[in-house]
């Protein structure tokens, strides 16, 4: 078995060129996905770099409490991603409810699967358990995001069916069951499709990694089967729990639909971020070599505008800034020349008007 090549940051940048090409193509065609691709790629680089540093320490320690802490942290981050980034609309207390659903759906299956199906002793062996838990969580996040978007869209735009069931005496479980079943089917559709084509069309990454790591192809295939079954079961349980929590929140115990518990605005931390960036951008745009000061109406209109450099209150700080930066100094000279030209033109206009007025009165 040949050793895998040693990858450097140059290799990573070469791989990033494919995403940059897609972003440029999106910009040329006006598709509007280039920015999202670049931001997601940068997040991928940063997050994987941090995870590599953290997991290296955890693997070396071989401590069950370190593994447990990483497992809980991954669930918390996954719940945050599913709540604030994947879901377009959020209901009340969505983050803790989604976190509870993920903990109940990922930890038992990952522990039982590692202990019995994969025959790991101990089950919490860091270099085996954490990567498997990461794959389970990744698929669970996607499934929960699809399910939550389907539920919230139905209650925000098409809740007439649920209201009809409730008006005819159905319980909230009976009224919400068709909506929940449809959302669950949509959420699990990617997982079912992946199970259908795996091995026939696609070769999964875990199997490829096991083969590169030195395992036989047969053992790698069996390992991939177990992992796919764990992923499917965990995605179904997590999505089912999240849907139950969502429907119980949007239809209360009095069998009433509560649209006031559904929020379509951006999360508050993102609103703060956007507001801060907007203020910062306005501050950057307001920075100049020298600023325009308040003056008379004629100066604001540009008729009798006096160059800032000719004023007595010329700010020394701006002059020092221009002296340090040659480009700013050049811009200052050009603007002063332009203002001087305007001033001369304005004075000539005033003199010409006075001359015409004088001769008009003399002629009269």
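From the backbone N, Cα and C atoms, a Cβ is placed for every residue, glycine too.
What TrEMBL records for 12-31 (among others) is transmembrane segment.
Annotation comment: TrEMBL describes 64-82 (among others) as transmembrane segment. For the transmembrane segment (64-82), the list of distant contacts is 54-55, 57-58, 95, 98-99, 102-103, 106-107, 110, 122, 124, 126, 129-130, 133-134, 137, 140-141, 144-145, 148, 242: same-chain residues at least six beyond its ends, Cβ to Cβ under 8 Å.
What TrEMBL records for 94-117 (among others) is transmembrane segment. Counting only same-chain residues 6+ beyond the ends of the transmembrane segment (94-117), those with a CB under 8 A from a CB of the stretch are 71-72, 75-76, 78-80, 82-84, 87, 123-125, 128-129, 132-133, 136-137, 140, 144, 148, 226, 229-230, 233-235, 237-242, 245-246, 249.
For 129-151 (among others), the entry in TrEMBL reads transmembrane segment.
If you look up TrEMBL, you'll see 195-214 (among others) marked as transmembrane segment.
Annotation comment: TrEMBL describes 226-251 (among others) as transmembrane segment. Sequence-remote contacts of a segment are chain residues at least 6 beyond its ends whose Cβ falls under 8 Å from one of its Cβ atoms, and for the transmembrane segment (226-251) they are 82, 91-94, 97-98, 100-102, 104-106, 109-110, 113, 117-118, 132, 135-136, 139-140, 142-144, 147-148, 151-152, 155, 162, 166, 172, 175-176, 179-180, 183-184, 187-188, 191-192, 194-195, 198, 204, 206, 257-259, 261-262.
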